[in-house]
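Enquirer: Structure incoming, see below.
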Amino acid sequence: MQVIEGGINAAGKKFAIIVSRFNHFMVESLLDGAVQTLKHYGEVADDDITVVRVPGAYEMPVTAKRLASSGKYDAIIAVGAVIRGGTPHFEFVAGECNSGLGRVATEFDLPVAFGVITTDTLEQAIERSGSKAGNKGSEAALSALEMVNVLKQL
């Protein structure tokens, strides 16, 4: 039986991180978690990380598509926060962000890690951006590191 697993060292690989400005007070913590994880665990150099800031989560898929089509990156990481409000807006934004990023991953055969927190409350979002429930930006970066190495073996 053959088992394929990916390590997390990705020295020399290039990563793009798409960062939503909406809910920036917690999203910056997600970005910091992603960058620190890439550098510390993946041994990725500063020059191999590109940060692209966009207005919100809805703009992430088209940005990811442009980054993927450039051929410059080994993986893309999306970090942001969408918090439920009193209207259906949450479902539209979160759903389009999730499905759009997934389409980019499959269309371009490229890891696109989802570090966009989608929560019912502000407190839940804060917990997932570096306090009680860990840092989803860091977790997304670990996923990207591993998937770069898994796909390299396939």
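Every residue, even glycine, has its Cβ placed from backbone N, Cα and C.
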Enquirer: Taking Swiss-Prot at its word that Ala57, Tyr58, Glu59, Ala81, Val82, Ile83, Phe114 bind 5-amino-6-(D-ribitylamino)uracil, choose the one of Phe22, Phe108 listed for that site.
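Expert: Record check against Swiss-Prot: 5-amino-6-(D-ribitylamino)uracil site with Ala57, Tyr58, Glu59, Ala81, Val82, Ile83, Phe114, extra candidate from Phe22, Phe108 is Phe22.
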Enquirer: Whole-number Å distance between the CA of Phe22 (5-amino-6-(D-ribitylamino)uracil binding site) and the CA of Arg128 ((2S)-2-hydroxy-3-oxobutyl phosphate binding site)?
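Expert: Checking the Cα atoms of Phe22 (5-amino-6-(D-ribitylamino)uracil binding site) and Arg128 ((2S)-2-hydroxy-3-oxobutyl phosphate binding site) gives a distance of 16 Å.
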Enquirer: Please give the maximum pairwise Cα distance, in Å and rounded to a whole number, for the (2S)-2-hydroxy-3-oxobutyl phosphate-binding set Gly86, Thr87, Arg128.
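Expert: Max Cα-Cα spread across the (2S)-2-hydroxy-3-oxobutyl phosphate binders: 23 Å.
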Enquirer: Give me the count of other Cβ atoms within 10 A of the Cβ belonging to Val82 (5-amino-6-(D-ribitylamino)uracil binding site).
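Expert: Other Cβ atoms found within 10 Å: 25.
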Enquirer: So among the recorded positions His89, Arg128, who's got the most Cβ atoms within 10 Å?
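Expert: Answer by Cβ density within 10 Å: Arg128.
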Enquirer: Round to a whole number and give the Cα-to-Cα distance in Å for the pair Glu59 (5-amino-6-(D-ribitylamino)uracil binding site) and His89 (active site, proton donor).
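Expert: Pair distance, Cα basis, whole Å: 14 Å.
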Enquirer: List, in sequence order, those recorded positions among Gly86, His89, Arg128 whose Cα sits within 10 Å of the Cα of Phe114 (5-amino-6-(D-ribitylamino)uracil binding site).
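Expert: Within 10 Å of Phe114 (5-amino-6-(D-ribitylamino)uracil binding site): none of them.
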